[in-house]
Amino acid sequence: MATHQEKKPAEGRKHQNMQNDTKASQGQWGRAWEVDWFSLASILFLLMFAPLIVYYFIMSCAQYQCSLTDPLLDLLTGNKHLSDIWNRTPTLTYRAAGIYCLWVTFQVILYMSIPDFCHKFLPGYVGGVQEGAVTPAGVVNKYEINGLQAWIITHVLWFANASCFHFFSPTIIFDNWIPLLWCANILGYAVSTFAMIKGYFFPTNAKDCKFTGNFFYDYMMGIEFNPRIGKWFDFKLFFNGRPGIVAWTLINLSFAAKQQELYGEVTNSMVLVNVLQGIYVLDFFWNEAWYLKTIDICHDHFGWYLGWGDCVWLPYLYTLQGLYLVYHPVQLCTAHAIGVLILGLLGYYIFRMTNHQKDLFRRTNGKCRIWGKKPEYIECSYMSVDGTKYHSKLLTSGFWGWARHFNYTGDLMGSLAYCLACGCEHVLPYFYIVYMSILLIHRCIRDEHRCSSKYGKDWKRYTAAVPYRLLPGVF
């Protein structure tokens, strides 16, 4: 989406206090101002059960060889009580707490203290100081993009230790997996609670705060749009990208090391999971500057949904395939392995090229060629809370002419490939494709609701030009 702006006077706008100040932007995009009963019920459900879901999956692998039904059958038949399962669960240890504190501290240091140097020698990579999108209040934040650098430094040190120094075993993450879960929960709840308190008492930008008056909704979805400490420590960018996503590939490597330790080999299914998910993670960091224009940064406020989700849900449930393969090593036949690889690479190609087309269109303000032709687009405009009018172009060419979220279609193809790499004996590794389908369909609906609020009648013109969300002719 290419954007430029013109200043319009904001007449008749009076703010008496912080909440009234933000309430003035009620017509702006972002999360909801008012909470309907369905949203509240959904949020209460997630707050109560999301941590239990994570625990259930991890416990099922540790105590029931990844069976999702056996724990329930044991409880229903009286063979075991909840206390029996809980008592067999490893507790928080000083070792795990030390590992986790060192990990998070190290990522903070990499994020805050080492300016990006990768953009100086990697052709095509965009790093260093970059501007984000315009917030509803008309603010344009600056970010130090150095995630690729942090990922490289972290993994160089990991492999140096594994091959030369041997300060710790490569299986260290798997060996402390459940104690580290408690550490991740502590950080997730701590940062979410701090973000809410900060939003009330010392927000970074009061005009970008939203208050519904409902404690649970505000805690879950966040109050502040871009909470920061100092000039550069941005909560959304740090917790979305580090420490969870940097850890993703390390977690998979630790699972592969454990498989080697237990069975004397690393199966081709484990290699596929490491390679395909590694490509996805590297893509994220290579395109971190582009990520500043995505829904997480451009629309979501920072609350429990992002804070706890990035600390716990992402590293623990996005890595279920590797964890499953530790308990159930699968050696795929050649045809199956090649099929999974092709599906994963094709999904990645669609995901990347769709996003590339949008990014190219945005960067050139529409002065580019997509599939050899001049791009087609819908002219639109929107207002920020300070009265600034912005003009945008919504792309309707290339993959964006096929469906409004065709990048999600590629993402789902890749997600399915991760699951298919694990064979078909258990349901557990397929949780990821089920979850991603629900997440991305819900994200489509959320994004379009915000875009409808943001662009008004121009959005109706856009949806008439591109009528499908994910699958042309179907949905």
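Even glycines carry a Cβ here, placed using N, Cα and C.
Summarising the annotation, TrEMBL assigns compositional bias 'Basic and acidic residues' to 1-14.
The region 'Disordered' feature in TrEMBL is assigned to 1-21.
The transmembrane segment annotation in TrEMBL covers 37-58 (among others). Here the transmembrane segment (37-58) has long-range neighbours at 68, 71, 177-178, 181, 185, 214, 216-217, 219-221, 304-305, 308, 312-313, 316-317, 320, 323, 428, 431, meaning same-chain residues at least 6 beyond its ends whose C-beta is under 8 angstroms from one of its own.
The feature transmembrane segment is assigned by TrEMBL to 92-114 (among others). Here the transmembrane segment (92-114) has Cβ contacts under 8 Å with residues 144, 146, 149-150, 153-154, 172, 176, 179-180, 182-184, 187, 232-233, 238, 242-243, 246-247 of the same chain, all six or more residues outside its ends.
Residues or ranges marked as transmembrane segment in TrEMBL: 148-168 (among others).
Sequence-distant contacts of the transmembrane segment (180-201), counting only residues of its own chain at least 6 positions beyond either end whose CB sits under 8 Å from a CB of the stretch, comprise 51, 54-55, 58, 91-92, 96-97, 99-101, 104, 173, 209, 218-219, 222-224, 227, 235, 239, 302-304, 307-312, 315-316. Residues annotated as transmembrane segment in TrEMBL: 180-201 (among others).
Taken from TrEMBL, the feature transmembrane segment covers 237-255 (among others).
According to TrEMBL, the transmembrane segment annotation covers 262-282 (among others).
Under the heading transmembrane segment, TrEMBL lists 302-320 (among others).
Remote same-chain partners of the transmembrane segment (332-351), defined as residues 6 or more beyond its termini with a Cβ less than 8 Å from a stretch Cβ, comprise 267-269, 272, 275-276, 279-280, 283, 399, 406-407, 409-418, 420-421, 423. Feature annotation from TrEMBL assigns transmembrane segment to 332-351 (among others).
For 415-441 (among others), the entry in TrEMBL reads transmembrane segment. Note on the transmembrane segment (415-441): residues 57, 60-61, 66-68, 269, 272-273, 276-277, 317-318, 320-321, 324-325, 328, 330, 332, 336-337, 339-341, 343-344, 347, 405, 408, 469-470 of its chain, located 6 or more positions outside it, place their CB under 8 angstroms from a CB of the stretch.
Counting Cβ pairs under 8 Å to the transmembrane segment (302-320), the top-ranked stretch among 148-168, 237-255, 262-282 is 237-255.
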